[in-house]
Structure formats: structure tokens, C-alpha cells
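Student: Here's the feature list from TrEMBL:
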TRANSMEM  22-43  transmembrane segment
DOMAIN    23-426  domain 'Ammonium transporter AmtB-like'
TRANSMEM  55-73  transmembrane segment
TRANSMEM  113-131  transmembrane segment
TRANSMEM  143-165  transmembrane segment
TRANSMEM  177-199  transmembrane segment
TRANSMEM  211-231  transmembrane segment
TRANSMEM  243-264  transmembrane segment
TRANSMEM  271-289  transmembrane segment
TRANSMEM  295-314  transmembrane segment
TRANSMEM  326-347  transmembrane segment
TRANSMEM  373-395  transmembrane segment
REGION    447-491  region 'Disordered'
COMPBIAS  447-470  compositional bias 'Basic and acidic residues'
COMPBIAS  471-481  compositional bias 'Polar residues'
Amino acid sequence: MDSLAKTQLIRRADPEYDRGDLAFIIIAGAMVLFMVPGLAFLYSGLARRKSALSLIWVAAAGNAVTIFQWYFWGYSLAFSSSATNGYIGNLRNFGLMNVLGNVSPGSPLIPELLYSFFQMEFACVTMCLLLGGIAERGRVLPAMVFTFVWMTIVYCPLACWAWNVNGWAFKWGVLDFAGGGPVEIGGGVSGLAYAWVLGRRHEKELINFRPHNVSLVSLGTFILWFGWLGFNGGSAFGANLRAIMAIWNTMLAAAFAGIVWCLLDYRYERRWTMVGFCSGTIAGLVAATPSSGFVHPWASVIIGILSGALCNFATKVKFLLRIDDALDLFAEHAVGGMIGLFLIGFFGDADIISLDGVSAVPGGFMDHNWKQLYIQFTYVVATSAYSFVVTALIAKGIDMIPGLHLRGSPESERLGMDEVEIGEFATDYIELHRDFTDGFAPAQGDHHMQFTAGDRHGQPETGLHRDSHDISTQPKSSKGLSTVEVKPTDG
């Protein structure tokens, strides 16, 4: 049989798909891809200027490595239907073999080839989310090695558990619409583990730490919000009412979470901070990820309010654990994912689930399905524990390989990772002085200088200070301001 005849036979054997559904998922996948630069801009804006570009670089390069891994064996390890162990797939679809027009393992509405593309974008976003853990002290080459290994050993099993028809969580009845486990908990908890292995930044780098470009933070947040509509809406795998419901729920949860976070910050800072609103919005988007295709809009209002409040409070956890989670990956993504997953056990409704015309599973408490509460809770515990432990082991193992130390040198951290690792800058202009303190002449008769006020971990400091945080005994300058000793500046 010649190749043309084989092609015609394959086409006749393939089921017919609605072209509107196909077009919708293609566009939704492209919207999810747009979340990668959204994360890059968000992380870059939250970091210091001297390390801002390195975070854009790891998002771009991590995206490329993930695409290769997904094509090479990632999709097969996550979604091969012939693997029955319940934990990870096999290599039946290695290099996208046997992936064409057959019905996808996730939905009968789209072909497997399109499904593999859409799920690849989820993997890319997850990896870029996690790589925020390297902020201001991590080396980029070891991070790329880590990316390939982590995708293989952590993300693929998590995706298999929740979404593969033979995954243990899927067969047990876990409800996870768009990735509360693999994406949000997987990325957030793993980011915390990576930051733990890296270690804290030097204490001087924590003083007066504040986002270097709030405009980039805002731009990244709204790019993410736009992409999230494809992320959650596309997880209905068709242009149907369930997709529209997921989009509505995403909008509501994000809006209410942003408002609540902003109000909570105002209690302490007496300012309506843009970073606070952006943080809350992302927390709401995260909580909507697992829940948006299962709940009514009124439930999403509750989910948004709770995620905005609890994720805000969770930003203090890193201080209790003494883990330098610089970009709050755990507080916003892991905790937000946990909230969304657990509340499905209360608010999940079979009427919402059936809006796609093909799904028929019970919801949660709303459908008198009491056991869904402990199923969701157990799934949260399992994904969290697996993500943290295995990620920490992978990171520590790579860090022990000569030439692949995860953390840069103290000098690299002082100068900035952009200068040492990239050789370019996110905001590249001729600088007269790098530090605020560089531009001040010593006070008359001694070598003292003023420090700038800023904020430390979201708490505003409106007075001048020094390393001892005690200015009461310091001499006064000619203008009556407290001064501190001049020391060599760092980046």
C-alpha cells in the first residue's frame, strides 16, 4: 500500500471533530503560551534591577527545554493510555509516536495531537512558575538541567495521577479541572523546595528589598489574566457552556481576591499598593484553576475572597520556615491551589460539570457526595509531599555535580546575576551610580552617609536606618538627619 492510500485510510478511520472546538483549543493553547512572557515580566518586575533579566531568561529558556522534554518523552510519560500502574506512563508515545487523530485521553471532543499541544503549554507555564525560585542568586545553566529532570520525575507523574485515565487520582475520583495539583501545587511547592536548597540570599540583600519596576509587575499580571482565560476555559476542551462558565468563574475569583488582598494590605500600610492588588489577582486565578469548571459563579466569589485572604496570610510562612521564597511561589500558587482543590469538595456541582455535554461525574457536598471532601484533602497532601521531597532531592543531587552548582558566588549576588550570568540588563542604561547611597558625599568631618527608606518584605520603613536598625544613637548631619557609616557598596 502506497503512502497516499495509507493517509486516506487513516483519515477515514479518524473520528469527526467539530472544527469550532478545534479552533477554540488552538487559540486557547496560544493564550496559555502567552502566559510565559507574563510570568517573565511579573518576576522581572518583582526582582531588583541587577537580577531582573535573568528571570526573563530562565522563563524563555525553561519554556524551550520543556517543549523538547514534552516532545521527547514527557507527553508519553504523562498520558500514554497503555500504562496501567497508576503513577507514570510508558514510552508508547515516545517522540509523539502514535499521536495523531485518535480521540484524546482527556476528552472525546478533540484529537490527541491537539490535546498533546494544549497540555504541553500547561507544562511550560508550570516550569516557568517554578523557576522563579532562583530569584537573585540562582545560576541559569544548572536550572536548565534541573528543568529537564524535574519535568520527567515530578511533573509527568503528577499529570498522570490527575488526568491520565489510568492515574490513581483520576480513578479514585479526584476533581482537578485545570491543574491545581500538577501546575499550582507542583510549581509552588517545588519552587519552595528549590529555594530551600539554594539557601537564603545574603542578609544585606534582604534589606530595603522592593520591586524594581511595578509597571512590569502590572503588565505581567494582566498578561497572565488574559492567558488564564484560555488556561481554564480551554480545559473544557470545546467551545461549550462549561468553557464559558470556567471563564466567568476565573474572572470572579480573580477580581474578588485582588480586592481582598488590597484591603488587607491597606490595614498595615495605609496605601493601596499595586503589587498587593496584582498578588491578590494571581491568588484568585490560581484558586480558580482547579475549581472553575466545577462550581457555580456564587461559589467562585467565596473562593476568591478566601484565596485572597489566606494567600495573603500565607506570605508569612516563609519567615517561620526561614526559606527565602523571594517571589512568594508557595503563598500564591501552592496555597491558592490547595484552597481551590479543597473547596471543590464543598461546592462542586454535577450540573456545572455536565455543561460540556460529555462529562457525567458527581460533584461534592452540593451533590451529597460527602467522600469528595477527604478525597480532595488526601490528593492535596499527596501532591504537596511528593513535590517537595522529590524536588529537594533532585536539586540537591544536581547541586553536587561539579560545574552544576545551583547557586552563584557571593560576588555574583553582589554584582547581580544579570551582569555575571547574562551580560545584559533588563533596563540597560548608562548608570552613574548603582546604589542610592553612591550619590551622597560624606557628612562634614566624618565618613557617614544616609540610607534610603524602602520596605522590607512588604512592611514599609519610612525612616532612615542602618544595619543595626537603631538610629537613635547615631550622629546628626548638618541637616539634622541621622547618618550611618559609609561602607563599600554592593550591587
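Cβ coordinates are placed from backbone N, Cα and C, and glycine is handled just like the others.
Those TrEMBL annotations? Automatic predictions, nothing curated.
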Student: For the transmembrane segment (271-289), which recorded stretch in the set 22-43, 113-131, 211-231 gives the largest number of Cβ pairs separated by under 8 Å?
Tutor: 211-231
Student: Taking the transmembrane segment (22-43) as reference, which of 55-73, 113-131, 177-199, 211-231 has the most Cβ pairs under 8 angstroms?
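Tutor: The stretch with the most contacts is 211-231.
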Student: Restricting to the same chain and to residues at least six past its boundaries, which positions have a Cβ under 8 Å from a Cβ of the transmembrane segment (373-395)?
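Tutor: Non-local partners: 146, 149-150, 153-154, 157-158, 161-162, 169, 172-176, 181-182, 185-186, 189-190, 192-194, 196-198, 334, 338, 341-342, 344-346, 364-365, 406.
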